[in-house]
Amino acid sequence: MSDSDPVEEAASDGRDLYDIATWEPRTVLDRTAVRLHGALSGVARLSVVLLAAFVFLIQVGGVVWLASRNPTVGAVALLSALPALVLVAFVWRQDVVEKEPIDTLAVTFVLSVLFASFAATANTLLQGTFRMIPLVGMGLFFFLVVAPVEEAVKWLAVRLHAYRRPEFDAVIDGAVYGAVAGLGFATIENTLYVVQGFLRAQEAGATQAIGAAIGTATSRALAGPGHVIYSAWAGYYLGLAKFNRENRGPIVVKGLLIAALLHGGYNTTVTYVPALFSPPNWWYLLFVVAFDGTFFYLLYRKLGRYRDNYAAVNGEARSDEADAGESDDADGREPDDTEESESDETGERASERAGSGDDTDSTGDAVQSDDPGPVWDAPDRTDPVDDDEGDRDGSGR
């Protein structure tokens, strides 16, 4: 299917098809439409953020306030996100093009924290329905609700802001922003679990409620890195979609499918399988390390292939530039045949005079040329710049 109208395809280059088969902002009304579209898009994005903030305050505002009022509980909750932060730092270092600015990373983190409230709402509303399904109910719940919804809101945290920024100028940037979105989601989720565990222990009359919070934080520290891994996969494909606009829809869906399948598989396994093992805590630890380690290694391999190809194509481009520059130098400095002939004749006459005993200056001024020949100066080498910034306003990833 062609991207052009049949009239545009068949028309000559000089035919003006404005407002017939093509369009560009020319009139006052056109420019007004462009500005209005931008304003409406901005209002829509802001509305999503405000709604998320409102739901967030209703759902978890009290929990976050309690964590801030109890420094020990708050510190334990934040420490539980440390393993996830380490993975984010590792992914960030893989960006060979240009490191992403802190402010854009911070906005992505905050948006993911806020959008987590959407996932919490969906999970709360639908969990009861799936619990009524015997045996496989929770597995279906994880694969059909929890995983796709949570991966979608983390994806949205990237798509709504970072994706539209000029700093998002390479495919690999998607993995970086996706990882940061995963960190934001893991941080707020861990905080909720830790504070709720602390409150339950207090209500039960436990003398060491903080011990219960530490136990919960330890468990969540193992679960948090998964969020980073899954959303980094989805983010990478969002970056791929940005620079492959003709297929961006399927590419985005592929990334979300990978993330959701990994997420759903993890949740289902840790829910159903531990009952078969004793003690389950050791099994859980081994499984998390093996599962997350495997798919993080595959992510590392994928990012490594991007790095290798980036280095290869930039090396080839610099080599081609150097070859072209040297060729231009050679074309501009070819010796003149006439000058060579005159120099040869002068040399022959000088030799004849020397052979006949004439008093001639022996320095060879008459027979030696001062021209050293072409100078093979290396041209200035600069890295090629990719001017394609992608579609700033398009949908997709």
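Heads up, the Cβ atoms here are built off N, Cα and C, so glycines get one too.
Any TrEMBL annotation is an automated prediction that lacks curation.
Per TrEMBL, the features are:
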| type | residues | note |
| --- | --- | --- |
| COMPBIAS | 336-345 | compositional bias 'Acidic residues' |
| COMPBIAS | 346-356 | compositional bias 'Basic and acidic residues' |
| REGION | 317-397 | region 'Disordered' |
| TRANSMEM | 43-67 | transmembrane segment |
| TRANSMEM | 73-92 | transmembrane segment |
| TRANSMEM | 104-126 | transmembrane segment |
| TRANSMEM | 132-149 | transmembrane segment |
| TRANSMEM | 251-270 | transmembrane segment |
| TRANSMEM | 282-300 | transmembrane segment |
Residue numbers, six or more beyond the limits of the transmembrane segment (282-300), whose CB comes under 8 Å of its CB atoms: 87, 91, 94, 175, 219, 222-223, 225-226, 229, 232-233, 236, 262, 265-266, 269-270, 273-274
Distal contacts, the transmembrane segment (43-67) - CB-CB under 8 A, six or more residues away: 73-74, 77, 111, 113-118, 120-121, 156, 160-161, 188, 191-192, 194-196, 199
Residues sitting near the transmembrane segment (251-270): Cβ under 8 Å, six or more positions beyond its termini, same chain? 138-139, 142-143, 146-148, 150-152, 155, 226, 229-231, 233-238, 240-241, 244, 284, 287-288, 291, 295, 396-397
